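Record features (TrEMBL):
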type: DOMAIN; residues: A:1-295; note: domain 'Kinesin motor'
type: BINDING; residues: A:G78, A:Q79, A:T80, A:S81, A:S82, A:G83, A:K84, A:T85; note: ATP binding site
Amino acid sequence: VAVRLRPLNRNEQEDAWKVQENTLFLLDEMTGKVSDTVFQYDNTYGPETLTKDVYAQSAKAVLDSTLMGLHGTIFAYGQTSSGKTHTMTGTDADPGIIPLIVSELFERTETDKDRDYSVRCSYLEIYNEELKDLLGDGSPHLRQSLDEGVHVAGALELEVHSPKEVIEALQRGEVKRAIGATNMNVRSSRSHCVFRLFVSSTKAVQDGKTNRRRRGVSDVTVRRSVLTLVDLAGSERQSKSGAMGKRLREGSCINRSLLTLGQCIKALVEGGKRHVPYRDSKLTRLLQPALGGNR
Amino acid sequence: MEEPKEYMRLRGVFDTFQRVQSLVLTADPPETPYTSKYQARELLGQMVAETQALTLTMGTGAGAEGEGEGTPDTTVLKDFVAYLHHLIGVLAYETEETSAAVTHLSQSLAWLGPRLQVDTAALGHPPADADADAESEADSLPVALVSEALSPGVSLALAQLLVRSLNQMGVVWTNRQDPTRGMHYLKAAEALYRTHVMPHIEALKSGALGVRTVPPCGTEPVPTDTDTGSEGADTPAGSDCQDGWWLPPICPQWIESLHTYTVFFLAQVYSALGEASLAAEYCRTTLDRQSAQGGVDVSEWVSNAVDLVAYYEGQGQLGSVRHLLSQARAMLDSPSASLDTDAEDHKELIAKLNVAEGNLYSGVIAASRNTLTRWEDACHEARAAGEAVPVRPRAFVSMDVDVAPDPAETREGTDADADADTDADTADVALPPMDTDTSDGAEDEMPLLSRSQAYELFNKAYAHYQQALDVFKLEGFVTGHVAVLFRVCDAYLALSSFEPQASMQARLHRRRELLLSRVLPQLNPQHYLVLMREMHFRVAHAQMDLFDIKQERVQSLCEAIEMAANPEALIAQLPQGEREAYSKALKVGLMSLQSLRLFHKTYEQEVRRRLQRDDASYSHGLPEGVDDVIELLDGPEDVAGYLQGLFDLGRVQFRLPVIDSDRRIVFLEDAVQCFARVVKYGGQVTTQAMAQQRNLCKEMLRLLTAKVHQLKRIRMQSRSLSLVAAGTEEEGGTVAQDGDVDVSGSEPVTNADSVADSPETDTSAHGDSGLDAQD
C-alpha cells in the first residue's frame, strides 16, 4: 500500500501531514508540530514526488508479475479531489500510471525474444452498481465461465499493438465516462473506472542458426494474465443519502462498492476463513481474482 | 398598518427559501451534478447570516427579555436557523464535504436537542468502550417527554426535524467508519420517534393538533431530505408569527417514512457492527413498514426480503421465512408492480426467490427429520436410563393456510395425532405457521412429516430449484448453479431419512453423488478450487452414505471375511447376488476414498500456490521445518475441514471389506496414520465436535493398532503354514491351515496408547502429510 499526498490547492491553508520515509505523521492542528498519530505504509510519497517515481517504486513490480503470468491490480483510493485521476491518468506533461505502464508493457513485449505476446484491452465503468462498456456499445454483465472464472460478458476487448492504440482507446472511453465537477476540483470522478489489459504469451520457437524468432510458431502453453487498473470514485459518497430501497445488508447509502472493497481487503488481511464479501458489489466481484484468487 | 422592518427582512429570507427549494430539486446534468446544490448552499449560508442578524436585532428590541433568550420571536428564529444548518449539512454531505456536514448538523442538533429536552451533546462523544455495550448505552439515551413549553404541534414539527438531523448524522458517521457513533444518533432518533412522534400521529392525522397537514406526494413516500417542503407555507407576515410559522405543513406519511429511514439505517449499522440478529430485526421492521406504507420499489423490496430470508433460514425460523416469501410473491404479483420481466436482473431475482422457496420446503423436511432424530435420541437415552420412552412427536397434518393457527392448537395434539404418522395422511403440504412476530428468534420446532408429505414437499422444492437452474446455468453462473445443486443434494439427503427402504435410500444418495460428480470435471481448478473442494467433500459423503447401506447388506459376509483364513475361497463360493453386493460395497467404498483424497488435494494445491507465490524458487515438497501440510493450512477453519477429511478417510479405510490381507493391512495402516494426524493436530481446532472426534480417533488408534498387529501375525502364520505345507507336500503329507491361528483379538496392545495420547506423534514420514510434486 502506498500513500501519495497531493500539493495543497488554493482553498487549503496549511499542511496537515508530514511525510518521512514510509511514514505519515499527523501535524497538530494548533501548533503545526508532529503529533503522536503516525501511519506506516509500504511507500509514502510527498507532494513533490512525480508520478513516474510513484510508478517506478509501486507499480512497475505489478507489471513484472503480469508479464510472468500473474494477475495484477492497481487501484487508486481516496477522497474526491485527492488526485486519483491525476495519478492514474495524468496529463501529457506528467503522464499517469496507466500511460506509463502501457508504454513499458509494449516496450518489454517487443524486446522479449523468448515469447510472443498479444495484448487486448477493455475499459469499463461501474456507476450505481451498473456496468457500462466504455469502448463498445454492448451491455456487459458479470458472469462466471467454467474456464475463465469471473469475467465480463458482452464487453468489447480491443486488440492493441502499441501504446498509441491503447491511449486512443482510453480517450475514446473517456468521452463516455461520467465526469463530475465539484468546488474542490473541477475534474472529479463519480464512477469507478476499470481499465484492463489482457496479456497472453506463448513461448517463441527460436531459429537456431539466426537466433531470430519464428513468429507464429510456438509451443501450446499459453500464459495469460490480466492487469487491472482502477480509478475509484471518490471515497466520500456516490449516491444520495436518502436513497431508499437499496439492499439493506450492505449499507446502500454508503458507497456500496467502496465499503465492500474495504470489507474484502480487511477480511483478506485478517486471513483465515473469514467470509470475504466479493459478491456484494460489482467492483469487488470484478476484482475478486485479483484481490483474493478463487476464495 | 405598516409592516415592521424586521418582518420585511424576514420576508426576504423566506423568499430566498423558495429559491433554495427550487435549486435543490433541480436535476443537474451528469457533467456538473452539484452546481445547483452549491448555489443552494450559498443561499442557505446567506439566510443563516441574515436570520442570525435578525435574531440579534429582535433580541435587543422591544420584545426582548433579558439577553434576548426566551422571547418567542428569537427562539423561533433560532429554530429556523437550526433547520437551515440541517439543510446545509445535508447538502454538504451530498456534495462530498463530510466534515462541513458534521459541523452544520451538529449546530442543528445543538439547538433542536435542548428545545425538546434531548441531550444531543452526549451523542457525539460515545464512551471509549461503546463497542462493548453499544446496545444498552443507546437504550439509556436521555430523551425526555414532550416539553410542556411547546405546543404538541410545534413539538412534533421540531421532533421530525431533529429525527432528520439525527438520521443524517447516523449515516455520516457510519460512512466515516464509525458505526458505533452512528448507531447512537440513530437510536436517539428511534427513541425520539417513540416519545415525541408516535403518541401524536393519530391526532395529527385527524387534525386535532391544529397543524396543517398535506397528503403524501404521489406514490413517493419520502421526499428527499433536502426537500424544504415549504409549498403553501405562510410567510411571516401572513401568519401570527407563532412558534413554527416557518415550518412546512406536515405530512403524516412522511413522518412515518422518516422513522422507516431510521430503522433502515439501524439495520445497516448493526450489520456493520456484526450484530446479526439486531440487523435482521431492523431489516424486517423496515420491510414491514415499507410494505405497509406502499410505493416501494418492488424489485428492491423482494431482493432485500430474499436476503433476510437467508438469515432466518440459517436460524431455523421457517415461519418467518414463509411469511417473508409469501409477502414477496404477493408484491411481485401485485398489479401495481411495474417490472421489466425480461431484464436480466429481474430473472436473477426470481431465480433467487425460487431458490429461497425451494429452501423453505427442503428446510421443513430437514427440520422434521431433526425432530425425529431428537426424539430417537431421547428414546435411546430413556431406555439406557431405564425410564419411560417419551411420546412420539405428533405428525403434522397442516393445511397450507395463510393464517397462522393458534400456537397452542398446533403444539398440543391428541393421542390420535400421535399415531397419525402413516402414509394415509393427507396430501396437503405441511408447512410451518407463518411467523409475523419480528422479535421471536427461536428456532421453529417442526412436527413430524409423513413419508408422503415429505415427498410432496420435496417435489415442490425440486420444482423451484429447477426453475432457478433455468436461469443460473452452469456456464455463466458457475457458483450460483452449484449452490443450487448443493441445495438439491441437501433436499435428497433430508428426504432419504423418510425412506424406509434401503434400496430407495441408496437411490437418493446416488442422485446426490451424480448431481455433483457430473459437474466436477467441467470446472477449472485454477478458478474454482474452493468450490471443487466442497463438491468433492459432498460427493464423498454421498458415497459414504451409499457405502453404509451397501456394507450393511454384506455385513455378515464382511465379518466372515475378516475371520477367514482364505477369504478368496469364501468369496468364490458365494452365490452370484451376494458376490455382486460385496463388489458394489467395495467399489463404492473405494470411490469415497478417492473423493476424500481429491478433497485433500485441493488444500494441498492451495498451499502449493501460496508457497509458489511467496517464493518463486519453490518447486514441490514441504518446506524445511514443516512436518505436515496441515501446518501450512490457512487458519483453523481449513485445519478443521482437512481433519474432518482425515477422520472420514480413516473411518472408510477401517471398514473397507478388502479380501487381500496385504491390502487390508495397508488400508488399516493408512487409517492409523489418519487418526494419528487428527489426534496430533485436532487441538488447533477448538470446537466441541473436533474434541469429540479427536477422542474417537484416540480410541480408534488403540483398536486399529491392535488389529493391524493381529492381521500381520495372521499373515505371518499363514505364510509359515504355507511354507510348511509346501515342504510337507514335497514329503507327501498335508497340514490343516487354520488350526493354530489366534483370531481372538485379545493380544495386548504395546504401543497404541502412547501413539494415541501423545500430541507429538510423528507422522512426518508418511506420504500423505507432504505435498506432491504434481498439481
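In case you wondered, yes, glycine gets a Cβ from its N, Cα and C as well.
Just so it is clear, the model here is predicted, and its values are computed rather than measured.
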Surrounding CB atoms that lie within 10 Å of the CB of A:T85 (ATP binding site), all protein chains: 19
Secondary-structure category, per DSSP, in which A:S82 (ATP binding site) falls: coil
Fewest Cβ neighbours within 10 Å, where candidates are the binding-site residues A:G78, A:G83: A:G78
Number of Cβ atoms other than its own within 10 Å, given for A:S82 (ATP binding site): 20
Neighbour count (Cβ, 10 Å) for A:K84 (ATP binding site): 26
Segment confidence, the domain 'Kinesin motor' (A:1-295), expressed as mean pLDDT: 74
